[in-house]
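Engineer: Below are the structure tokens for one structure; questions will follow.
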Amino acid sequence: MINIRKTHPLMKIINNTFIDLPTPSNISSWWNFGSLLGLCLITQILTGLFLAMHYTPDTTTAFSSIAHICRDVNYGWVIRYLHANGASMFFICLYAHIGRGLYYGSYIFLETWNIGVILLFTVMATAFMGYVLPWGQMSFWGATVITNLLSAIPYIGTTLVEWIWGGFSVDKATLTRFFALHFILPFIILALAIVHLLFLHETGSNNPTGIPSDMDKIPFHPYYTIKDTLGALLLILVLLTLTLFAPDLLGDPDNYTPANPLSTPAHIKPEWYFLFAYAILRSIPNKLGGVLALLLSILILLFIPLLHTSKQRSMMFRPFSQLLFWLLIADFLTLTWIGGQPVEHPYMIMGQLASMLYFLLILVLMPMASLIENKLLKW
């Protein structure tokens, strides 16, 4: 009897992706984040769908529709907080996934890496627009400040901003289009994620050593299905703990005040997962310079394959590079902390130094360390 799993046109795709996929036998838990991101995306799409059934994208009713969801809809508060904290979990998994890629040299798979960077941009855009929807103070002012950055573009800036706003300020038109885009983008992300996976399966997974593992592959199922299930259970545990015990831990209290264009909050800041980029933006006194640095802080990921000077793929056997990598992680966390602080004396200079170190590490120090390591190994 011919196995339907291997012959049926649809089952064959599923089989080659999740069942009979040849996988390196030594991939660690850092390889769990890909499947966790898939889980986060599905959770966000489902909770978002149920929220959209009760939400009204109108400046007069948006805020009260969220209150209605939390008070009057059956388990509406659970859905709302799962969605809000699900975004935080999404970004934790994203940053861990990117960090894993940087450490183990996964960026050598160019197509997979570049689609991953596009995915990162798309997820960031989606999260930003989602934050605007509750129409609280931070939603409104966050939207105003971030969209206003585009006015730094010479010649077309102001026109571009007004085109995005759909008027002369962030208003009803802006909220409606942000809702429409926030609804459609996750499906685009899903499509991109499938392409991301498609390109990955062209080459096969990397592994901690960075050495080709074609001679030592095992089937994905049952080994990695069970491993991914454990990861998924841990993710769900953390998400539920956060949602049920501290739903507002990562939010901003200002967003419980309805949006008021006449009153600016004392400290305008985005959600925690954008703070590192916000700190880089604020550390440059010039508007256009700040916007360029902000863009480059993410776009720099596209240049990482070009900056790979080592003869080894992974950092597993490269102590200097490891040291600089963890310095980069510490710098990322420092920038995240500084982005949430007010613009005053110690934080300003710390932010500028941390921003400088961020670019210096990626563009200069890490490639140089790799060259030194090559020399030491007489390669």
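Backbone N, Cα and C define each Cβ position, glycine as well.
In case it's useful when we look at the structure, here is the feature table from Swiss-Prot:
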| type | residues | note |
| --- | --- | --- |
| TRANSMEM | 33-53 | transmembrane segment |
| TRANSMEM | 77-98 | transmembrane segment |
| BINDING | HIS83, HIS182 | heme b b562 binding site |
| BINDING | HIS97, HIS196 | heme b b566 binding site |
| TRANSMEM | 113-133 | transmembrane segment |
| TRANSMEM | 178-198 | transmembrane segment |
| BINDING | HIS201 | ubiquinone binding site |
| TRANSMEM | 226-246 | transmembrane segment |
| TRANSMEM | 288-308 | transmembrane segment |
| TRANSMEM | 320-340 | transmembrane segment |
| TRANSMEM | 347-367 | transmembrane segment |
Engineer: Using DSSP, would you call HIS83 (heme b b562 binding site) helix, strand or coil?
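Structural biologist: In three-state terms, HIS83 (heme b b562 binding site) counts as helix.
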Engineer: From the binding-site residues HIS83, HIS97, HIS182, pick the residue whose C-alpha lies nearest to the C-alpha of HIS201 (ubiquinone binding site).
Structural biologist: HIS97
Engineer: May I ask whether the transmembrane segment (288-308) has at least three C-beta pairs under 8 Å with the transmembrane segment (320-340), counting pairs 6 or more apart in sequence?
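Structural biologist: Answer no: the transmembrane segment (320-340) and the transmembrane segment (288-308) share fewer than 3 Cβ pairs below 8 Å.
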Engineer: Taking residues 6+ outside the transmembrane segment (113-133), which of them lie with a CB under 8 Å of any CB in it?
Structural biologist: 48, 55, 57, 62, 87, 90-91, 94, 98, 101, 106-107, 139-140, 142-143, 146, 174-175, 178-179, 181-182, 185-186, 188-189, 192-193, 195-196, 199, 270-271, 273-274, 298-299, 301-302, 304-305
Engineer: Any contact between the transmembrane segment (178-198) and the transmembrane segment (33-53), i.e. 3 or more CB pairs below 8 Å with pairs at least 6 residues apart?
Structural biologist: yes
Engineer: Looking only at C-alpha atoms, tell me how far HIS182 (heme b b562 binding site) is from HIS97 (heme b b566 binding site), rounded to the nearest Å.
Structural biologist: 23
Engineer: Near HIS97 (heme b b566 binding site), which residues of its own chain have a C-beta under 8 A away, given they sit six or more steps off in sequence?
Structural biologist: PHE33, GLY34, LEU37
Engineer: When a 10 Å sphere is centred on the Cβ of HIS83 (heme b b562 binding site), how many other Cβ atoms does it contain?
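Structural biologist: For HIS83 (heme b b562 binding site), the 10 Å Cβ neighbour count is 20.
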Engineer: Honestly, do the transmembrane segment (33-53) and the transmembrane segment (288-308) touch, with at least three Cβ pairs under 8 Å and pairs 6 or more apart in sequence?
Structural biologist: no
Engineer: Out of HIS182, HIS196, HIS201, which of the binding-site residues has the smallest number of neighbouring Cβ atoms within 10 Å?
Structural biologist: HIS201
Engineer: Roughly how many Å lie between the Cα atoms of HIS196 (heme b b566 binding site) and HIS83 (heme b b562 binding site), rounded to a whole value?
Structural biologist: 24
